[in-house]
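Residues or ranges marked as domain 'Phosphagen kinase N-terminal' by TrEMBL: 1-76. Positions annotated as domain 'Phosphagen kinase C-terminal' by TrEMBL: 103-338. Positions annotated as ATP binding site by TrEMBL: 106-110, His169, Arg213, 264-268, 291-296.
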Amino acid sequence: MDFPRPQGGSLLARHLTPGVRRRLKDRVTRYGVRLDHVIASGLANPDSAVGVYAGDAESYELFAPLFDPIIADYHGFGPEKRHQSDLDPAHLDAPNPDPEGRYVVSTRIRVARNLCCFPFGSILSRRERRIVEATVVHALEGLSGELAGRYYPLSAMDPETQARLVADHFLFKEGDRFLEAAGLNRDWPDARGLFHNEDKTFLVWVNEEDQLRIISMQPGADLQAVFARLARALGELERRLTFARSERLGYLTSCPTNLGTAMRASVHVRLPGLTGEEIQAIARDHGLQVRGTHGEHSDAEGGVYDVSNKRRLGITEVEAVRRLAAGTAALISAEARAF
Ligand code: ADP
Ligand code: DAR
């Protein structure tokens with residue numbers, strides 16, 4: 001029986017050929033992930049850019065005939081390559097691109113992590129998701145100094161507080177249709193929440209698209225300080241938790257766009273003198289992508305753009321932040337010349 005090709009321009013549509021689907025249709029991982037789980041979001045959302053989500057670490061090997069060409073397409077990372085990480089702040093030379101604070105509103109660096117030995121969010125049962133939450137929160141509550149903070153379960157958060165945290169860029173949005181179709185919003189808001197320190201410069205999202213989104217952020221453009229805080233936090237958490245990762249693909253994530261470093265290093269930068277096309281051209285030259293003021297699937301407001309590294313795999317964390325610093329400096333130069 002020949003299978004219909006998915007519609008649209010997603011990487012899923014490009015790479016799920018009838019032959020690949022015939023090869024993969026009967027495969028099942030140890031946690032019960034099937035091809036239908038992996039492709040559900042892209043089938044339901046033909047406007048997806050990518051269209052697939054892994055249900056567990058094993059998905060990347062068992063469904064490699066589909067994931068590998070998608071990964072090669074998105075990251076320029078062939079199956080023969082091996083990811084290298086470098087989270088040592090001493091290796092980063094990223095001078096502040098906006099020391100007078102005239103353009104960069106704030107800097108944020110986040111990494112995604114999933115616990116080893118559990119399925120990922122699209123397959124987790126309610127019970128398993130609660131175990132992940134308890135395991136992660138226990139580790140977070142052991143942090144001290146600047147990283148010490150409190151966990152706020154979404155189910156106990158009043159709507160006004162939740163809306164304000166989202167508007168202030170500290171908390172994930174709800175109801176993403178791509179995540180919904182992938183099964184990542186099941187049992188919402190059960191076992192989802194936010195951990196943050198007093199100053200909201202260190203935050204952790206629990207059980208959104210990935211089981212952890214570990215975030216360091218602050219006003220201004222001191223990328224070195226934001227990166228150093230994140231590296232300290234990851235060192236502490238790696239002593240308490242074991243994360244899903246592979247020799248080949250680095251840290252393993254629900255969406256293949258986040259593999260490797262699983263890092264998105266971004267600045268919110270005010271560029272009222274440049275057109276969207278000019279910003280995109282400079283960003284592209286530096287391996288950066290542009291999102292709107294409220295992140296993915298949002299528009300820029302008040303001339304403030306979210307500029308960040310596009311690739312996360314086959315590039316080290318240090319290199320990703322260095323590229324962001326260089327790209328931000330180039331954008332600021334262009335903005336200064338525009339007036
Ligand atoms: P992710 O960054 O985790 O992939 P999003 O792109 O949706 O997810 O961004 C999540 C939130 O982080 C959004 O509210 C977005 O505005 C905010 N954000 C991203 N970069 C920055 C930044 N440099 N400063 C402040 N907030 C930021
Ligand atoms: N919107 C989905 C995911 C793309 C990458 N963004 C993530 N993982 N948040 C798509 O396939 O277009």
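Placed from the backbone N, Cα and C atoms, the Cβ positions cover glycine too.
This view paints the features noted in TrEMBL onto the structure.
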{"residue": "Ser106", "record": "ATP binding site", "contacts (Cβ under 8 Å, 6+ apart)": "His169, Met217, Gln218, Pro219, Gly220, Val267, His268"}
{"residue": "Ile109", "record": "ATP binding site", "contacts (Cβ under 8 Å, 6+ apart)": "Ile215, Ser216, Met217, Leu223, Val226, Phe227, Leu230, Met263, Arg264, Ala265, Ser266, Val321"}
{"residue": "Arg213", "record": "ATP binding site", "contacts (Cβ under 8 Å, 6+ apart)": "Arg110, Val111, Ala112, Arg113, Phe172, Val204, Trp205"}
{"residue": "Arg291", "record": "ATP binding site", "contacts (Cβ under 8 Å, 6+ apart)": "Ser266, Ser298, Tyr305, Asp306, Val307, Ser308"}
{"residue": "His294", "record": "ATP binding site", "contacts (Cβ under 8 Å, 6+ apart)": "Val166, His169, Lys173, Glu301"}
When the Cβ positions of the binding-site residues Ser106, Ile109, Arg213, Ser266, Arg291, His294 are compared with the atoms of ligand 2, which fall under 6 Å? none
Averaging pLDDT over all residues of the domain 'Phosphagen kinase C-terminal' (103-338) gives 97
Mind running the binding-site residues Ile109, Ser266, His294 against ligand 1 and keeping the ones whose CB falls under 6 Å of it? Ser266, His294
Can you tell me whether DSSP puts His294 (ATP binding site) in helix, strand or coil? coil
Let me know how many other Cβ atoms fall within 10 Å of the Cβ of Ser266 (ATP binding site). 25
